[in-house]
């Protein structure tokens, strides 16, 4: 009988970008097992100018990345709404959310909000309550302090799930 290789846990950070609150969630994925590591949010003061808020988000994420040392990152894609200015500002926060891990040499994946919901809940139009219920099941030790931190954990779970599928497809293809 051939010995099975030891599967090393991979640490993943999920990031839910926002100008008021950027959520982050760190998990470890080992095979199909998920382990909660930590979560929270970066909240720059509302009265700061835009550039200073973006800097605060970057500095906050850089501290989280240094403290938790994830190997991979996942960021939620921005949805376009009717307010073009708000969408552009959210896009700037998202740029910071992608830049911070990249500056640490961490690969960054992107997932659409509906893809996150479908992966975690099974329905692409799930609400925040349904996500919270599934987080309790998938990560029973997690107690996210905000909806943004919960969303970030869901993004990390989505990445863990999709990276496993990608690894399996590569194995089947002999790569």
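We count from 1, first residue shown onward.
Note that Cβ sites are derived from N, Cα and C of the backbone, with glycine treated the same way.
Here Swiss-Prot flags 16, 148 as Mg(2+) 1 binding site. Marked as active site by Swiss-Prot: 16, 76, 148. Swiss-Prot lists 76 with the feature Mg(2+) 2 binding site, giving sequence analysis as the kind of evidence.
Projection of Swiss-Prot feature records onto the structure.
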residue: 16; record: Mg(2+) 1 binding site; DSSP (3 states): strand
residue: 76; record: Mg(2+) 2 binding site; DSSP (3 states): strand
residue: 148; record: Mg(2+) 1 binding site; DSSP (3 states): helix
Residue, out of the binding-site residues 16, 148, whose Cβ gathers the largest set of other Cβ atoms within 10 Å: 16
Task: Can you grab the distance from residue 148 (Mg(2+) 1 binding site) over to residue 76 (Mg(2+) 2 binding site)? Cα atoms, rounded to a whole Å.
output: 11
Field: Pairwise CA distance, the residue listed as 'Mg(2+) 2 binding site' versus residue 16 (Mg(2+) 1 binding site), rounded so that it is a whole Å
entry: 6
Message: So if I draw a 10 Å sphere around the Cβ of the residue listed as 'Mg(2+) 2 binding site', how many other Cβ atoms end up inside it?
response: 24
